[in-house]
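Annotated in Swiss-Prot:
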TRANSMEM  56-76  transmembrane segment
TRANSMEM  84-104  transmembrane segment
ACT_SITE  Asp113  active site
TRANSMEM  132-152  transmembrane segment
ACT_SITE  Asp139  active site
Amino acid sequence: MRWFFFLLLSVIGLDRFTKQLAIIFLRDTGESITIIPGLFSLTYAENRGIAFGMEFLPPGVLLILTTIIVSGVIIYALYQGNRQPLFLGSFGLIAGGGIGNLIDRFTTGRVVDFLYFDLYRGELFGQWIALWPIFNIADSAITIGACMLIIFYGRIFPDSTASGGNNVC
């Protein structure tokens, strides 16, 4: 469980630290910092919605739903009994990222984003957006943790594949 809590707390700490830097050096100055021209920049944004900035739910409902999901992830990780490093790592990243964004939602009602890859612009669900959104460390941790669950499913949950069930979903 140390690995779970180490990653959870590390993600929260790194997320909070980098968001504060983004506020100071990007929001307060109104500047965007180009790292790789035409590809990657540090660009300040505040996101009231969920993935890709979509606002499907009222902020209060989104806050409650996010709290329930993050709590469920933590409870599942604590009581599941699986102590494999990949299990603890993936759920630690997901929980840490969820808490990092939840802190923003509780304190300001929106999530601070600042990492931007300019990969493609177009329409998604009828709304024009940069199809690669501006995101943050918490989002990255959630995505990496979820990808770990998919890629290493058989190693994280060996009992489910040993019984002949190859279905992930």
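Each residue, glycine too, has its Cβ placed from N, Cα and C.
Source: prediction; values computed, not measured.
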What residues elsewhere in the chain lie close to the transmembrane segment (56-76), defined as a C-beta under 8 angstroms and at least 6 residues from its ends?
48-50, 91, 94-95, 98-99, 101-102, 105-106, 109
Go through Asp113, Asp139, our active-site residues, and report the one whose Cβ sees the most other Cβ atoms within 10 Å.
Asp113
Distance between Asp139 (active site) and Asp113 (active site) at the Cα atoms, whole Å?
9
